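A.B. asks: Annotations for this protein, taken from TrEMBL, read as follows:
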{"type": "ACT_SITE", "residues": "His319", "note": "active site, tele-AMP-histidine intermediate"}
{"type": "BINDING", "residues": "Gln104, Phe293, Leu294, Gln295, Asp296, Gln297", "note": "ATP binding site"}
{"type": "DOMAIN", "residues": "13-337", "note": "domain 'RNA 3'-terminal phosphate cyclase'"}
{"type": "DOMAIN", "residues": "184-284", "note": "domain 'RNA 3'-terminal phosphate cyclase insert'"}
Amino acid sequence: MERAAVEIDGSVMEGGGQILRVSAALSCITGSAIKITKVRAGRSTPGLRPQHLSGLQLVSDLCSGSLQGATIGSTDISLTPGKIQSGNHTADTQTAGSVCLLLQVALPCALFADASSQLCLKGGTNAEMAPQIDYTVKVFKPIIEKFGVHFDCDIRMRGYYPKGGGEVAVTVNPVKELQPVIMTERGNITKIYGRAFVAGVLPYKLAKDMSSAAVRTIRKEIKDLYINIQALQEKEMACGNGNGIIIIAESSTGCVFAGSALGKKGVYVDKIGIEAAEMLLRNIRHNGCVDEFLQDQLIIFMALAKGTSRIRTGAVTLHTQTAIHIAERLTQAKFTITKSEDELSSNVTYIIECEGSGATNTHL
């Protein structure tokens, strides 16, 4: 007798693609069938977009699953997972849909395969409404490695809005189980660096202007650190025209934060540089250990780990609350969030604690 599919309301809380990504990955890992209704119901274009569809197809491919309702615009989907398959898997959004979001859904699944997996992900590498690939490599990767995860990411081609055309090759090694992570002490910020880039026909001067504006903004608040934001012109390795900036800060205890922004038509480049700098400053002011964008990406790993994880953060985002809601529906993990007053700063931080479900890789 097969277990009935777990029903998930795709319109709750954040109500977007994240519900799909966390649900599909956990379905694949736990072996529970899922049925998601009202997919992205509150969005201006409800239902599956190309981006979400390619992510679901990738997971279904990874776990030899059966996927129903997988068409553009569909608001109801169901996934019945099979055995997780290592080897080569390709996903192509055929738009500027983010390769980083494809990785978000595929990486947890590939960890529970019987051997290493090669993922070829195509789409936008530096896209709006998603982490830039530089964020994935420089911020997400070192922190996720604390759970015992190992993956390599080779950026073969950068792709920008609206064409996409980017490609990254990712190799993921399987794990027996994930270790819990404790990140509660931030320490001091020791290093600030980044890259401001232009690609295609855009002039190099724009990259320099973004970098200078960002450095000036950070200097107002952080006076004693050398800030190295390289201005780069991408010629060979980029598809389409684009510009943007990502600035990374590292702390003495191994915490990593970032602020980023992408160029838009009719927006002065100084403004792009300032926007990224202000985002970074906002994320290091609260004295937490992760920024607002990493917070929700860690939930699935905390839920799967064996043991108790504790992470100090700034305000808990709706994305994070949504990821916790789904993780608790589909695993035995238990999360608690406690407010923690900080003597060192006037800002409130929160401790996200998780008693992980201790998922084990039965294929190893």
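Glycine is treated like the rest: Cβ placed from N, Cα and C.
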A.B. asks: Quick one: pull the CA-CA distance for Gln297 (ATP binding site) versus His319 (active site, tele-AMP-histidine intermediate), whole Å only.
C.D. replies: 9
A.B. asks: If I take the alpha carbons of Asp296 (ATP binding site) and the residue listed as 'active site, tele-AMP-histidine intermediate', what is the distance between them in whole Å?
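C.D. replies: About 6 Å separate the Cα atoms of these two residues.
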A.B. asks: Summarise the domain 'RNA 3'-terminal phosphate cyclase insert' (184-284) as counts of helix, strand and coil residues per DSSP.
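C.D. replies: Going by DSSP assignments, the domain 'RNA 3'-terminal phosphate cyclase insert' (184-284) contains 32 helix, 38 strand, 31 coil.
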A.B. asks: Give me the long-range Cβ neighbours of Gln295 (ATP binding site): same chain, 6+ apart, Cβ under 8 Å, in sequence order.
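C.D. replies: Counting only residues 6 or more apart in sequence, the Cβ neighbours of Gln295 (ATP binding site) under 8 Å are Ile311, Thr313, Val316, Thr317, His319, Thr320, Ile352.
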A.B. asks: Around the ATP site formed by Gln104, Phe293, Leu294, Gln295, Asp296, Gln297, list the extra residues of the same chain whose Cβ is within 8 Å of the site's Cβ centroid.
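C.D. replies: Near the ATP site, the remaining chain residues are Pro131, Phe140, Val290, Glu292, Leu298, Ile299, His319, Thr320.
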A.B. asks: With an 8 Å cut-off on Cβ-Cβ distance and a minimum sequence separation of at least 6, pull the same-chain contacts of Leu294 (ATP binding site), or say none.
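C.D. replies: Listed in sequence order: Val139, Phe140, Ile143, Val256.
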A.B. asks: Please give the ATP site's span as the largest CA-CA distance among Gln104, Phe293, Leu294, Gln295, Asp296, Gln297, to the nearest whole angstrom.
C.D. replies: 13
A.B. asks: Between 0 and 100, where does the mean pLDDT of the domain 'RNA 3'-terminal phosphate cyclase insert' (184-284) sit?
C.D. replies: 95
